[in-house]
Amino acid sequence: MVSFSTLLTACTAITGALGTPDLDRRQNVTPNAQGTHNGYFYSWWSDGQSPVTYTNSAGGSYSVEWSSGGNLVGGKGWNPGSAKEIRYSASWQPTNNSNSYLTIYGWTRSPLVEYYIVESHGEYNPGSSAEPRGEIEAHGSIYKLYESTRVQQPSIDGTQTFQQYWAIRQTHRTSGTVTTGTFFNAWAAAGMPIGQHNYMIVATEAYNSAGRASVVVETPP
């Protein structure tokens, strides 16, 4: 899968002052935005190629529905992120097991890192194009660790070369608790250090697919 989420900040920098996204009725595409909603940080981006709606709901809830094609990623969480126990529940329904995943997603600086803790994914395994870095057992499952280098790609600091870290759950689930510090420590032990935290969200991500998701972040903002 194209790592379209790395485009997020570059594309939302222009739209960050928009506040809570509203549906563009003419194009049926929710505008890109970042901000705060009911105490939670949220981030939303799509490339505009798929009819898609992202909706911030009460508390830590959000929903997203996409129809076909295009790249999109969004969700609610914290800015900055941290070693945190994240409780979440979701109805995550990619059509026909299509290319999508439900993930904890975030960035750090010094070093500049984009990271994923993937709880569920469709037919495409996002670790398939990365280098394996071992595995850990956590939260009742094996998580396989991967690393890749993104060369001169969009990031939270503009176009940069940076590392991308993955922890991919082998027994998929759509609700539970993720202790992010467990994965930060596992990555560090594998020679993959985490830096100073930027944002961290419980995200829905999709590429050239269709589906819907309703997600509740239960951990307080």
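Count begins at 1; order follows the chain as displayed.
Even glycines carry a Cβ here, placed using N, Cα and C.
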Consult Swiss-Prot and report the residue, out of N28, N96, annotated as N-linked glycosylation site. N96
Of all the active-site residues given, E114, E205, which residue's CB has the most CB neighbours within 10 A? E205
C-beta crowding around N96 (N-linked glycosylation site), within 10 angstroms: 9
In this predicted model, what is the average pLDDT of the domain 'GH11' (28-218)? 96
